[in-house]
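**Student:** Annotated domain 'Inositolphosphotransferase Aur1/Ipt1' per TrEMBL: 299-425, in sequence order. The region 'Disordered' annotation in TrEMBL covers 252-271. According to TrEMBL, the feature transmembrane segment maps to 66-84, 90-107, 119-140, 207-225, 302-323, 361-380, 387-407, 413-432.
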Amino acid sequence: MDHSSDARVRDFEEDLDDEIHLDNASINNDTVLSLPAAHKHLSSAPPRRSRDRKGCYSERFPDRRVIFLLTVMQLMGFTFLFLAGLVESVAITLVWGFLSLGLYLFIRWANHRGYNDTLSAAVARGLLMGALALAILFYYEGTHGTVHEMREREPNLKLYDDELLSMDRFMLGWLFPDGQLSLWADENRFIGPESLIGPLLTEILQIYYASVLIVYVGLWEYFICGFTGARTDSLEADVEAHNPHKYTEMQEMGSAEDGDEKDSPSFDGATTGAKGLAKTYRYRFWKWTFWFTHDAAVWRRLLMIILAILGAFLLNYLVSFMFPAVSPRVSLKHRFKNPLSGYWFSDIIRDTLSKTDEGTYGSFPSGHVALTWVPSIVALKLGYPKYGWSCLVAAVLITFSTLYLRYHYFTDVVFAIPLIVFGLYFGGIYTMTPYKRAARRAWHWLRPRLPCAFVQEWGRYHDDDLVFAGDKYDDDDYDDEVDDVHDFDANQAEETRR
């Protein structure tokens, strides 16, 4: 390898070290909030994590996501209220928005000043959770109320049921009549409403369909009350990577309090290492918390859950507002020969819905599908396999129930997938890192095959952006990058000899 190639590799190593240190300093918003604090933190930054250390699924979780979420919620709230003519409700939305933003800024200030473990900070977190949860009620009523008011003002307002039915016919027309599973099940003698198991199946599916709120509210409660049930290696990796000082403090506290807290049901032996760290968290939860632990790692994960669910939720109602549609139980009710009936619960639900059939326009896309799959995947990625797999079973049944009970088109279910992806990305459960790596590898493969003049001119401005796009590097990524540099130099030398 010649001197120029050695220099390029050396420059790459220096830039890579700077990138890793900056990332370690910037991802931990709970510890590093200013440039001086970042420099102070660099000396104790943890080493590069290998692939076997699982737990930190969100490598970057900036505050601007929360600010962006609150801003969008405010704008959507004002839009809905003004379009619906509910001017008197603007004050309520304004107070709610400033309250949510103020609570979050207070939480950030308390953490920056070292008041993270105070009761006031914990109360602020609880109030912020409640304020964000109110967004579900605000936008559920706001979206449907706005479309309903606009529908009354303009009776000829376009609905998109015909387009959705056409797409269903295109995708599933070869399998079901007009692509509707509900039309096929209506006359089926095995699972139809008039079959032997029809009422029982309707009752079970209606219960699951109505339990969508329980799925993600249950995830919040399960996380708050059972945080230490997560994998201890995941917990240890998360705390060590994002707050090394707290990690050392928790280990020391676990060792120091071992003798004093042996009588506690949370302490039954040595309290060092990952197991002792989890026990220490459990002790701190019951002794020092208001609803959930004060520790920043726990709040960070809880915020990931909230943003993942609310991100999918807000996108769902934004699309529903832009493309209003009623469900098949309204648009195709003249095609169904047999009414759906259960034993008790389903009849109550369907009687209630029948009174509001003409006033609901939120069929597209299916929020029930998105808001059950998102908590399931979040629970699995954050280290709650029992709850996650249980929710996955419920998500599959809810997805089937949306079609069988005539609530949604199949297209609604398909377009719930982008909602799921957006929610997981917005909550930090998944990142764009794999796609950036794929783009970088494609560029390194394509660059030797492009004209030299184009590569020099374009790469002068864009090559650095492709190589250092905020990705997290581990040892394998580093070796791959160095190999790419060597391969490129070898290819250039071979072309020169030719």
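Glycine too: its Cβ is placed from the backbone N, Cα and C atoms.
In the displayed structure, how are the listed features positioned relative to their neighbours?
**Tutor:** Restricting the average to the domain 'Inositolphosphotransferase Aur1/Ipt1' (299-425) gives a pLDDT of 83.
Through the fold, the transmembrane segment (413-432) approaches residues 57-61, 65, 69, 171, 304-309, 311-313, 315-316, 319, 364-367, 369-370, 373-374, 377-378, 381-382, 399, 402-403 of its own chain, all at least 6 residues removed from its boundaries and within a Cβ separation under 8 Å.
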**Student:** Give the residue counts of the domain 'Inositolphosphotransferase Aur1/Ipt1' (299-425) per reduced DSSP state, in the order helix, strand, coil.
**Tutor:** 91 helix, 2 strand, 34 coil
